[in-house]
Amino acid sequence: MTILTLARRKAAALLSSPPSQNPFINNSKVAYYVSSRNMTSDSSENDVIVIGGGPGGYVAAIKAAQMGLKTTCIEKRGSLGGTCLNVGCIPSKALLHSSHMYHEAKHSFASHGVKFSNVEIDLPAMMAQKDKAVSGLTKGIEGLLKKNKVNYVKGWGKFLSPSEVSVDTIDGGNTVVKGKNIIVATGSDVKSLPGITIDEKRIVSSTGALALSEIPKKLIVIGAGYIGLEMGSVWCRLGSEVTVVEFAPDIVPTMDSEVRKQFQRSLEKQKMKFKLKTKVVSVDSSGDSVKLTLEPAEGGEQFILEADVVLVSAGRIPFTEGLQLEKIGVETDKGGRILVNERFATNVPGVYAIGDVIPGPMLAHKAEEDGVACVEYLAGKEGHVDYDMVPGVVYTHPEVAYVGKTEEQVKALGVAYRVGKFPFLANSRAKAIDDAEGIVKILAEKETDKILGVHIMAPNAGELIHEAAIALQYGASSEDIARTCHAHPTMSEAVKEAAMATYDKAIHI
Ligand SMILES: Cc1cc2nc3c(=O)[nH]c(=O)nc-3n(C[C@H](O)[C@H](O)[C@H](O)COP(=O)(O)OP(=O)(O)OC[C@H]3O[C@@H](n4cnc5c(N)ncnc54)[C@H](O)[C@@H]3O)c2cc1C
């Protein structure tokens with residue numbers, strides 16, 4: 001029997017026992033269950049310690065505090081919100097929006113009858129707007145911790161034992177925090193490639209690409225995942241000549257291949273170039289430009305590409321540096337991800353892990369769901385996260401969003417299925433605003449009509465996808481969506497029409 005199986009059994013046994021007998025919980029603080037007993041507790045001991053203040057960690061800390069658990073959140077960065085708020089989702093979306101506005105003003109406004117004599121980029125102002133968004137939101141999270149009475153310790157946490165964390169505080173001190181349950185939410189970090197040293201000036205990670213002080217004439221992006229394509233889009237719109245180099249045969253491997261092909265064509269129309277099935281052999285930044293030696297992935301003649309800036313966007317790795325996991329014997333996999341059972345419990349009783357540091361999609365909303373469910377489980381309640389129903393969004397223009405299975409995955413499962421599609425070219429709202437590139441594609445089980453996957457490429461696909469996410473979560477059929485009245489004229493009508501096309505026929509095409 002594996003340790004994880006044992007842990008699962010233990011968790012199941014604990015669930016069936018009353019919370020008052022659950023040793024993972026400091027019952028005196030679980031007002032949720034035992035408010036009438038009026039117990040007291042050791043004020044120095046927490047019910048829950050969360051290491052990491054990213055979307056997984058701060059959400060878990062707030063949830064725990066809301067459930068009446070005495071909670072401390074430890075964060076080394078000096079500001080809350082983790083990768084997402086500081087160097088990820090939020091600054092990238094700020095720059096995507098600003099660069100889109102510039103691109104629209106330059107290329108689309110005139111056809112809508114809005115004319116300027118000149119459109120200029122003020123890069124420092126664009127960066128200042130991004131920084132303002134980041135600092136406003138990170139301070140907002142600090143306010144939320146305060147409001148919910150979460151104790152916030154700024155510093156680097158490391159395990160002394162399964163119930164003690166030593167924190168080297170950012171002001172140079174040290175403190176030991178004690179707790180019955182510890183949630184590791186230390187997130188992920190940039191993955192470099194062998195032989196490439198990221199200097200964050202000319203060879204940058206996404207963090208450097210969010211803070212360039214000049215628009216590079218030529219930018220090479222290594223890696224065609226969503227982060228590389230989003231950052232490539234930003235600089236492409238601002239005037240950089242962007243080439244994306246990818247070892248795999250396709251961009252964004254998690255995307256439905258039919259939608260992916262349309263998406264790549266769209267990015268190519270925006271002048272992004274792609275070198276797929278291409279391997280980076282070496283990078284030389286000793287001269288005026290950065291020289292990349294490349295070769296076909298299957299082997300062949302080498303060639304050189306030059307750029308002012310190279311963005312290394314080859315994925316992210318779990319971050320557990322300096323945590324001293326080995327000291328308490330927490331198990332990790334080969335990739336360094338902390339192994340947990342379905343209740344987020346590690347092999348060490350009382351120690352849990354959530355977010356990017358465990359297996360599963362490395363996404364902020366997944367980390368948040370983990371955080372809430374983990375706390376619910378450790379408090380003896382039921383939690384719920386289904387990784388098959390985590391939406392994925394690429395925030396380019398058009399955006400691509402998807403939830404559930406791709407057509408390739410459905411085929412591989414051997415399930416008989418139907419496909420319904422509807423192009424935005426036939427959607428009245430998209431035509432009215434002259435932004436009609438894209439498609440909705442729905443996959444449903446043939447026999448039951450149950451929706452298996454939804455894929456949307458559209459200007460606001462990241463918002464449209466949630467109708468599909470709810471449908472999937474509730475086990476809806478395509479007919480359920482098709483028979484739901486959708487307001488006119490909206491982009492959402494394309495979702496309804498694709499659903500009609502899945503179980504019967506679309507009207508407007
Ligand atoms: C450029 C970019 C764009 C992205 N865009 C999106 C997007 O649009 N949508 C999306 O869903 N996801 C996006 N992501 C991914 C998203 O940021 C992560 O999935 C998410 O932040 C993971 O949350 P987390 O809480 O698990 O970890 P993190 O956000 O990484 O937070 C972990 C925190 O733990 C702290 N920490 C680590 N070790 C210790 C320690 N020992 N002691 C104390 N503190 C510690 C770190 O300082 C960090 O702040 C993006 C990522 C990048 C890089």
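Every residue, even glycine, has its Cβ placed from backbone N, Cα and C.
Within the set Cys73, Cys84, TrEMBL assigns Cys84 as the partner of Cys89, by disulphide bond. In TrEMBL, the NAD(+) site is described by Gly223, Ala224, Gly225, Tyr226, Ile227, Gly228, Leu229, Glu230, Glu246, and among Gly140, Gly143, Gly315, Gly322 the residue recorded at this site is Gly315. Among the recorded positions listed here, namely Gly223, Gly225, Ile227, Leu229, His488, Ile227 has its C-alpha nearest to that of Ala364 (FAD binding site). For the binding-site residues shown (Thr186, Ser188), fewest C-beta neighbours within 10 angstroms: Ser188. Annotation: Leu229 carries the greatest number of neighbouring Cβ atoms among the recorded positions Cys84, Cys89, Ile227, Leu229, Ala364 [cut-off 10 Å, Cβ to Cβ].
Met362 (FAD binding site) is 16 Å away from Gly223 (NAD(+) binding site) when you measure Cα to Cα. Pairwise Cα distances among Lys93, Gly157, Thr186, Gly187, Ser188, Asp356, Met362, Leu363, Ala364, His365, which the record gives as the binders of FAD, peak at 30 Å. Among the recorded positions Ser188, Gly225, His488, residues whose Cβ is positioned under 6 Å from ligand 1 are identified as Ser188. Put simply, of the recorded positions Cys84, Cys89, His488, the one whose Cα is nearest the Cα of Thr186 (FAD binding site) is Cys84.
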